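Chemist: Right, I'll just put the structure down here and ask away after.
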Amino acid sequence: MIRQRTLKNTIRATGVGLHSGEKVYLTLKPAPVDTGIIFRRTDLDPMVEIRACAENVGETMLSTTLVKDGVRVATVEHLLSAMAGLGIDNCFVELSAAEVPIMDGSAGPFVFLLQSAGISEQEAAKRFIRIKREVTVEEGDKKATFLPFEGFKVSFGIDFDHPVFKGRAQTATVDFSSTSFVKEVSRARTFGFMRDIEKLRAMNLALGGSVDNAIVVDDYKILNEDGLRYDDEFVKHKVLDAIGDLYLLGNSLIGEFRGIKSGHDLNNKLLRKLRAEEDAWEVVTFDDEATAPISYMKPVLAAG
């Protein structure tokens, strides 16, 4: 059967918060079957636990932020994207601050950490959410949709009227039966416009942001010396963000997500709408890996 997964070992890392600019200590720990992904604010006494689920999303202005009883954990989407890509069901994420460290602005460092910790298959079937019919949310020219699909596919379209985006792909479709999340998506970095960053800093936000952890664009060009990691890195990062946001369903998806100019807010509204429409989805498990529409890297290979 396809089994639930957790980490073999505890692993630690240090980084800075994108918005706070503060140093953050991150610890990823194995968790029992059916735990889910649980964030822990270990800097608080008593420690506060916040489950990674759509209902706990409290803010979506610049990142996806989980909130419980006034306690926040911001910028969870890149770490959750890595968890989704590697099929990690159960994990404790301990943080010394109110924000997940930004690392290099992609999910790549989190993939490396998870693979370094090792992946352990557990004695319980992995539960998937299978989309049974279309569910859509729209706001103006933004749209987010779930569709039935035997596998997992993410399509995204962005539309920036800016010299850097001219002639670059602003759409991407990734079918994960034939495309590696680790190779093709996980390394895409977040991006920001210099003019926006200046405004954010005036509001005490993006204080940790730099060319070390984002693609920074001025009015004409990319400021990062090494350029882009993928030709379509901008839209690929939106795919990465969406995968992280969708993992707040609490299970891996069997279905297709299509986003047009969608962001964290609309993604979350789509999750809540899906949850409310119980005839639009079902929970499934697979006794036989060979017949399943989704497969994951073998835990041994995941360390490669």
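The chain as shown is numbered from 1 upward.
The backbone N, Cα and C atoms fix where each Cβ goes, glycine too.
This is the feature table in Swiss-Prot:
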BINDING   His78, His237, Asp241  Zn(2+) binding site
ACT_SITE  His264  active site, proton donor
Chemist: Specify the nearest of the binding-site residues His78, His237, Asp241 to His264 (active site, proton donor), where nearness means the distance between Cα atoms.
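Modeler: The answer is Asp241.
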Chemist: Sequence gap of 6 or more, Cβ distance under 8 Å: name the residues on the same chain that satisfy this around Asp241 (Zn(2+) binding site), in order along the sequence.
Modeler: Glu77, His78, Ser81, Thr190, Gly263, His264, Asn267
Chemist: Report the residues of the chain - excluding His78, His237, Asp241 - with C-beta within 8 Å of the mean position of the site's C-beta atoms, for the recorded Zn(2+) site, in sequence order.
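Modeler: Counting only non-site residues, the set is Glu77, Ser81, Gly105, Ser106, Ala107, Ala188, Arg189, Thr190, Lys238, Val239, Leu240, Gly244.
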Chemist: Might you list, by sequence position, any residue in that chain lying six or more from His237 (Zn(2+) binding site) with a Cβ less than 8 Å away from its Cβ?
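Modeler: Within the chain, His237 (Zn(2+) binding site) has Cβ neighbours under 8 Å at Ser106, Ala188, Arg189, Thr190, Phe191.
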Chemist: Which number gives the other C-beta atoms within 10 angstroms of the C-beta of His78 (Zn(2+) binding site), all protein chains shown included?
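Modeler: Step by step: centre on the Cβ of His78 (Zn(2+) binding site), count other Cβ atoms within 10 Å, giving 32.
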